[in-house]
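Working notes, structure below.
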Amino acid sequence: MTDRPTPDHPLRLGTRASPLAMAQATQAVAALVTAHGLDPAALEIVPVTATGDRIQDRALAEVGGKALWTRELDAMLDAGVIDAAVHSLKDVETIRDARFALAAMLPRADARDRLVVREGVAARTIAELPPGARLGTSSPRRAAQVRALRPDLETPLLRGNVATRLAKLAAGDYEATLLAAAGLERLGMHDVGIVQPVEALLPAASQGAIGLECRAGDARVAALLAPVDDAPTRRAVAAERAFLAALGGDCSSPVAAHARFLADGTLRLDGAIYSEDGGDHVAGDAPIARDGDAAALAQRLLAAAPGTVRRLFAA
Ligand SMILES: NCc1[nH]cc(CCC(=O)O)c1CC(=O)O
């Protein structure tokens with residue numbers, strides 16, 4: 001096969017430049033090297049700073065415009081500067097440009113959130129946080145979920161990469177924050193924070209999943225990426241993303257969705273939709289057997305939702 005990547009003609013993988021994104025790209029490289037028995041030098045990581053990484057002082061929902069995490073990588077992929085892009089799927093728009101194809105999803109990491117508290121704060125759950133505590137987050141989902149559980153808590157904006165957020169927490173501006181277990185694990189922070197069961201805090205759609213995209217119609221790269229695709233991850237994440245898409249939502253929507261396989265092999269999707277302040281929400285679950293089941297759950301929940309929830313969504 002002449003179309004295998006070589007050190008002279010490497011497969012170029014684009015990624016955001018944050019430490020977490022670089023760890024994800026390194027994981028993708030390792031999976032591809034193993035799957036094809038490649039020389040590691042046949043893969044090249046191309047880091048790029050995304051718009052979302054440059055804006056640190058405002059809620060991204062306020063910045064407006066879409067694709068804050070994907071715009072630069074999309075342009076590079078489209079221009080042929082890179083052959084594929086590695087994405088944290090949680091940050092990738094639910095409806096993607098038809099120029100790109102999601103060729104593979106790596107096996108999903110822990111999809112749950114971890115509660116991280118400042119030194120001196122003794123709490124293992126949101127329920128145990130001290131009265132009036134400040135839980136810093138940049139996620140409208142986490143803010144709404146926290147306020148739904150504990151209306152007395154404040155949820156001030158806390159942005160930046162994982163290290164920045166932990167530094168701001170240690171500085172004393174917040175009593176607690178929530179971070180994805182997957183991100184902490186990928187950064188080697190195995191003992192940071194306390195994992196929150198999905199029954200207590202339903203994660204975001206796609207949380208913990210890494211996707212590899214190539215140009216639609218690039219059969220060579222699609223074939224190279226296909227062997228690292230994990231089918232169970234793809235099915236679960238597709239259901240979560242279909243739920244979010246049916247609501248017209250994205251990663252800045254107060255929506256949670258998590259699909260898991262039951263002992264009998266069936267896939268079950270749990271979904272929850274919140275009002276912005278977390279004062280109202282609807283939640284429910286459904287078995288996912290075919291296309292349309294996840295969207296049907298979204299429609300069913302939305303139909304039963306109070307106006308404060310319903311008016312946030314197009315559906
Ligand atoms: N929005 C930032 C973001 N995007 C993906 C992850 C974690 C890794 C993952 O979910 O795969 C994080 C950090 C966090 O939420 O704590």
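Backbone N, Cα and C atoms are what each Cβ position is placed from, and that goes for glycine too.
Annotated domain 'Porphobilinogen deaminase N-terminal' per TrEMBL: 11-222, in sequence order.
Broken down by DSSP into helix, strand and coil, the domain 'Porphobilinogen deaminase C-terminal' (236-301) contains 20 helix, 23 strand, 23 coil. As annotated by TrEMBL, domain 'Porphobilinogen deaminase C-terminal' applies to 236-301.
Here the Cβ of Cys251 (S-(dipyrrolylmethanemethyl)cysteine) has 25 other Cβ atoms within 10 Å, regardless of which shown protein chain they belong to. TrEMBL lists Cys251 with the feature S-(dipyrrolylmethanemethyl)cysteine.
In the predicted structure, the domain 'Porphobilinogen deaminase N-terminal' (11-222) carries a mean pLDDT of 93.
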